[in-house]
Amino acid sequence: MIDLRLPLTDIHRHLDGNIRAQSILELGRQYNIALPASDLDALRPHVQVTKNEPDLLSFLQKLDWGVAVLGSLDACRRVAYENVEDAMNAGLDYAELRFSPYYMAMNHKLPIAGVVEAVIDGITAGSRDFDTDIRLIGIMSRTFGTEACQQELDALLSQRDRIVALDLAGDELGYPGAQFTSHFQQARDAGWHITVHAGEAAGPESIWQAINHLGAERIGHGVTAIIDPRLMTHMAETGIGIESCLTSNIQTSTVETLDKHPLIHFLRYGIPATINTDDPAVQGIEIRHEYEVAAPLAGLTAVETRKAQENGLNIAFISEQEKQQLREKVLRKRASA
């Protein structure tokens, strides 16, 4: 269960994986983009997981219709704004929204730097209108290769003060982290935090690469860390967090069933592991489902669930002062409710 005395966070949440089905329908009509269906009920199976996918790449294809309708920078601005509203409606006090500007730009050849600016504008407007603290993480989509990732990184660096971290996502098996060492050096030189998708489709060696070569402070998913006790000890001792996404890992067939998910073992090992959504619109879930349905099915006790909730703020990419201010704000808000 969610502890209402603590800030509720989601620190692994893809902005471009949370584009509403209704918005896909409306933007498709606005930009004359042929969609696989013309009404919401018929469209939903094409843009939302209805059964577990055979692998990560099959799951990621569900995201493609969301970015296919981004026919202008205004469309990018709109979906960013709606992401903040969705975070508020989900009851989140703090969220780190991550996005790949190259992925969002590519269908309609939008300027990548313009996409970054549009997302920032949408987040700024949403943060003004909705009472949720939002930070942005830039993603490099490794699937498109190192050169495309450099273009993406350059666009993100042009707004370096509005981005808190860099991530690497996409085809983990085909594009290992070691190919991106120079990219992450640039990010660290800019003062950004580092999180990396690793140990989702590949083994623990991918997590070691993310830590040793890319400077990862947090690992997205990280499920295969469970087969390397030395890695788990290292993560526990150094405070490298795991951004667990329970339902997502089932839907991508990364983990067979929730009762086999390693999150409970990560927590008991002392790794600062957290509970997150991943791509809520595509998955058809929200953060409350992860706490109230998925976490108990994964074997977490109330104490362990609370620890994961605490970890969500403890390893967030904000200062200790900002964390304390958020804790105090939440207590005031709950007291006046």
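Backbone N, Cα and C define each Cβ position, glycine as well.
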Which candidate from ASP93, ASP278 does Swiss-Prot annotate alongside HIS12, HIS14, HIS197 at the Zn(2+) binding site? ASP278
Which has the fewest other CB atoms in a 10 Å radius around its CB: ASP16, GLU200, ASP278, ASP279, the listed recorded positions? GLU200
If you take the centroid of the Cβ atoms of HIS12, HIS14, HIS197, ASP278, the listed Zn(2+) site, which other residues of that chain have their Cβ within 8 Å of it? ARG13, GLY17, ARG98, ALA169, GLY220, HIS221, GLU243, CYS245, SER248, ASN276, ASP279
For GLY170 (substrate binding site), which of these recorded positions sit within 10 Å, Cα to Cα: HIS12, HIS14, HIS197, HIS221, ASP278? HIS197
Among HIS197, HIS221, ASP278, which are recorded as recorded positions, the nearest neighbour of ASP16 (substrate binding site) by Cα: ASP278
